Amino acid sequence: MVDEVEKPVSLEESKTNTREVEEEGEIVGESDDTMSSLGNPSMAMKHALEHSWTFWFDNPSGKSKQAAWGSSIRPIYTFSTVEDFWSVYNNIHHPSKLAVGADFHCFKNKIEPKWEDPVCANGGKWTMSFSRGKSDTCWLYTLLAMIGEQFDCGDEICGAVINVRVRQEKIALWTRNAANETAQVSIGKQWKEFLDYNDSVGFIFHDDAKKLDRAAKNRYSV
């Protein structure tokens, strides 16, 4: 892993410095036009990503035991350029600053971070665990690897989620075709390499998780 991430210069850096974060995962501007200004076509020389991506936030204060799973997840912002990614990323709380119980997602646009989404339905996820407050850098590197199309089997990737809990944080990388063992193992190995992560990581099918909950076993490990 490199010691420092070299961030592209944001063309809107002077604007984003004036934005405030109202709550975990939400950007608030001084006017209704704040968010739309991120995608202003008059801003020249932005670097387009291969896919558009959407940040989603699951606010722990909006959850209840009676509510259906995923009912409190809401989209935050969709970006499609390198510059807009940094504009958003630099103005939201990183995992170490999120409240316990929060889930923050980054998925390809039009894919919802839910098992029920048609693209995710037959998929699964790789998961890495970290001590509380220790996942910030690996979360960023995961995002950069995804949006930068660094995975050989990148078409298999749906998105990633960071789960913040009392004693630990977990980053999960969701993929679309769990039965494609070759692709999933390739993704798992590359992910570990990108993050310089030395512990074993496991892959669980969403279908197993739905049926067995925490009793679901890893189908693949790297």
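Cβ atoms here come from the backbone N, Cα and C positions, even for glycine.
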Cysteine from C153, C158 that Swiss-Prot links to C120 by a disulfide bond: C158
Region 'EIF4G-binding' per Swiss-Prot - which of 141-150, 201-210: 141-150
Range annotated as region 'EIF4G-binding' - as stated in Swiss-Prot, picked from 47-50, 103-106, 191-194: 47-50
Between C158 (disulfide bond) and Q168 (mRNA binding site): CA-CA distance (Å): 23
Number of helical, extended and coil residues in the region 'EIF4G-binding' (141-150), per DSSP: 7 helix, 0 strand, 3 coil
Protein Cβ atoms within 10 Å of R165 (mRNA binding site), excluding its own: 13
